[in-house]
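Q: Can you keep this structure in mind? I'll have questions shortly.
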Amino acid sequence: MTSTYVKDARPAVDQEPAAGPANRRPRARRVKDWLTAVSFTLPALLLFGALVLAPILYALYVSLFNWGGFGSPEDYTGLDNYTRLIDDPVFLGDLWRGLLLVLFSIVVQLPFALAMAVALNQKLRGRAVYRMLFFAPYVLSEVITGVLFSMIFAPDDGLADRFLGSIGLDGLGGLWFADQDTVLPTLFLVMTWKYFGFHMMLYLAGLQNIPHELYEAARIDGASAWHRFRYITLPLLGPTVRISAFLSVIGAIQLFDLVWVISQGGPDHASETMAITLFQFGFKRYQIGYASAISIALFLISLVFALAYQRFVLRRDTEGALTNMRANR
Amino acid sequence: MPASDFSRRRFLGAASAAGLGAAALTACGGSDSGSGKDSSGRTIVEWWNIQTTEPSKTIWPERAKAFEAKNPDVRIKLVTLENDAYKSKMTALTSSGKLPDIYHTWGGGVLKQQIDAGLVEDLTGPMESMADTLVPASVKAYQFDGKTYAMPFDIGAVGFWYNKALFKKAGIGAPPTTWAEYLDAVKKLKAAGIAPIALAGKEKWPGMYYWAYLSMRIAGVDGLQKAADEKDFTGDAFVKAGERLKELVALEPFQKGFLGAAYSTPNGEAAAMGNGKAAMELMGQWAPTVQADAGKGIGKDLGFFSFPAVDGGAGALTDVFGGGGGYAVRKGAPQAAADFLKFFMTAESDRILVEKANMIPVVKDAASALTDPNLTAVSDMLAKSTGFQLYLDQAYPPAVGQEVNDSVAALIAGSKSPDQVARSVTQVFKSQ
Amino acid sequence: MTAPEAVGRRRFGKVPVYVIVWLVGIVMVTPLLYALISGFKSTDQLSSNPFGLPSPWVTSNYTDILASSSFWRMLGSSTLVAIGTTLLTVGAAALAAFSLARFAYRGRELLFTLFTVGLMFPFAVAILPLFILLRTFGLLDNPWGVILPQAAFGLPITIVILRGFFRAIPGELEEAATLDGCSPFGFFWRILLPMARPALGTVSVLAVVSSWNNFLLPLLVFTQETWWTIPVGVQQFQGQYAADIARVFAYLVLAMVPALAFYAVAERQLIGGITMGATKG
């Protein structure tokens, strides 16, 4: 469904879509057609404009002030909030931790998801059950997941420590979320539990689009399983892998709920993300101007990454939504 | 796109109107959704509190019922939130300009900010008739410029709650009165294989208590006040306070996993004390109740001592750090809100709170109801106090309070030096 | 085609795969199972016997929650908010996607780009101004206060998916409909939407799931318990009954059931949705 679908759609992207007659009509008629066409987008535009765009513009405006949230912003400070941001060790730490999570994802979580996808793409007994089970955590809310695992990883009393204790490995157990050094790896375990199924599903969909004949032909040529994977599966799965990596990065940059419920970014900022820092400043310290600067930074980072990724990495695969702009200019 | 431009301008206009109009909001306060009428025409008064632990979890609704029985046209609606959740929610509500009819407050800078934004009802008038019945110290945190903005229902102080049995086991004769003795006691406990101190590192405010008390002992209450007035904490005393705390942290005195421990959860600070897993905690008057609720409680083994003095410090052993609890009323709340608070703090009602809910009496005539030895100890300490300092995270503006909490947490976790703590608190204070 | 011994080797060759998949399965299911079983214990039992089956089985944790009106109220308000969000998102997005897919006009790609930029825009970023905005319009403690922003933030992905789908429908169909006297809206309503039913199902399922799991917005908007959704309720319940771990486990399990049940029913649409969303987004 996925990549063939995209391929089918590709020609349509490059040309203006079918509405042909409109262009040949007289000007008055064309204005009317324009209005008709645009009017369909109005409900969405209103919603989006009022509740997505307006808030970001307002945040941009407020980020230029030192504002505590009372009265209207008056103490204009220009880019001070931004220069402060670049010096703020917590914010820089957020970036570093974001990078670590991204690396973890790409080095551990995605290969693992791919391995599971390849495993479940074979004829296995009970494969549907495994597939369903692996994906199930994805539909649970982050809050439920967070509460569940904060109980499981409670030092000493939680399931994890009890289990390690009972098999004589209590030395391995420990502080989990309660220690600066272990909180991120533990968080990463939970993220893998929750999200790898999602990536696995993407890969499975991609795998199903690889024609069987290729494998048959390779087998007849005597290619080993590894070679078949390396020279058929991996290249043909390329687009899917690149997209899944993209989503995983965006997810890591924007991570909030799970961390908030588990550790609120602690201990001592060791698991803090940009969204957490933003929330701390906005809703605990009333430093709305500074918090807004963080939100703008978060937005810009996501956007720049997305544009760059689409431009340089996804370019060959699909004409993604953001690149359409280029194609049609 | 004309449409989005239009909505943006409208939005910006509306938003700044909201900012300017904290006062304007109150004009239509009576018809706010928070204070409507219920289906049978009774006025609804929302009462936000943080009594999530027994016994007050049960007593609070009972008091509301008692008031409703006498005032059939009023319905008191309780909203009970856990301390930390309550604080974040209140921040959001405050910046939105919409507070609950009656809400919990600790007074200080946080309340002041709400008053300055025009969100809080002046209760001086309604409370006039009962002003003399209240213990003066209990009202102080809610008074600004001669006006009273909240009804106190609890007062208290922070000190060390300790497990006598564990102290005995470690061979500590009497509770320490100087910092040197205190560090000694910690070492002895440690040597005896006992976790000396329970601390909720995840919540940050309990850690702040140490720095605050050390600052008070070294700079004195006046020194602390002066620093706050001048917005300058870079003085020698505050760096030294950090150094003392660092000495303590270096002994690794806290329970296992304290950095991730919350206060009242089953693996938290209170439970560690209540289950006899740690020998002491620095906590306010509610500590025994929460210990028994989150853990088993240690009954007669529980004792109380004041935060030790620091040699050469300007502060006295009898200077007290802490605060109580009060209820403020939002501007424009129904009359019934103030009426309820007056009902809640009659001598008769306060006796019930003291006897059943382990509060320290704030109504003078209820004093005799206090029998619990632990609370009597706190109450005595307050009565004999030579100076008083409100919780720093409530006394100062929110941004500063949070910075104190954060920086001290970082000091305890080892990522900030005493000097850095003093400087970052000063920096945030100056930006206010 | 394949020699018998090769079949045998391949069967044998699959054993490691079975073992691995099985192990991963255990890791995945343990937390869920542990929560389920722990809910049947008392908190004392849980600390003395963390792994074994409960003895005796305590059902009161579950039955107490099921008997409490607050649990059902939360379920109701989560449902209401999810349905409202979904109708609004899919309705507005379908109209917009129709315009963006089937008309050629000046400014179209700019509009589309505008919407897709929204994909990069998490709730947290807008939460502060959003909160002030909702307050201004009196939408706090009002289900619209959650439904409207959720719908707005759900638009980008929905538009992207639907636009792709609408484009795939052959142009001849539209020309035939126009010849029959169908207005553009008539074509949209009578022909396009019925044809797009599978895609609509997919995006609806996505909207339901993201609304169901949303935490930050309802947490801030709903101050009163009346409207609390399940994630808000879970967090609150944990705060309030923290000491009673077994009960919190029971609560978690019951809070998971609707999402898992929905997943079981709508698995195809959901998975179709995420793969489509990913490749088209």
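Placed from the backbone N, Cα and C atoms, the Cβ positions cover glycine too.
TrEMBL entries are annotated by machine, without manual review.
Pasting the relevant annotations from TrEMBL:
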DOMAIN    A:95-309  domain 'ABC transmembrane type-1'
TRANSMEM  A:34-61  transmembrane segment
TRANSMEM  A:99-120  transmembrane segment
TRANSMEM  A:132-154  transmembrane segment
TRANSMEM  A:183-205  transmembrane segment
TRANSMEM  A:243-262  transmembrane segment
TRANSMEM  A:288-309  transmembrane segment
Q: At a threshold of under 8 Å on Cβ distances, which of A:34-61, A:132-154, A:183-205, A:243-262 pairs most often with the transmembrane segment (A:99-120)?
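A: That would be A:183-205.
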Q: With an 8 Å cut-off on Cβ pairs and a sequence gap of 6 or more, do the transmembrane segment (A:34-61) and the transmembrane segment (A:243-262) reach 3 or more such pairs?
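A: With fewer than 3 qualifying Cβ pairs, these stretches do not touch.
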Q: Short question: which residues 6 or more past the ends of the transmembrane segment (A:288-309) have a Cβ under 8 Å from it?
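A: Contacts with the transmembrane segment (A:288-309): 56, 59-60, 62-69, 73, 77, 81-82, 84-85, 91, 246, 249-250, 253-254, 274-275, 277-279, 281-282, 322.
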Q: Quickly jot the same-chain residues contacting the transmembrane segment (A:183-205) by Cβ under 8 Å, restricted to those at least six beyond its ends, or write none.
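A: Contacts with the transmembrane segment (A:183-205): 1-2, 97, 100-101, 104-105, 108-110, 112-114, 116-118, 120-121, 131, 134-138, 140, 142, 145-146, 149, 153, 176-177, 237, 240-241, 243-244, 247-248, 251, 255, 258-259, 262-263, 266-267, 270-271.
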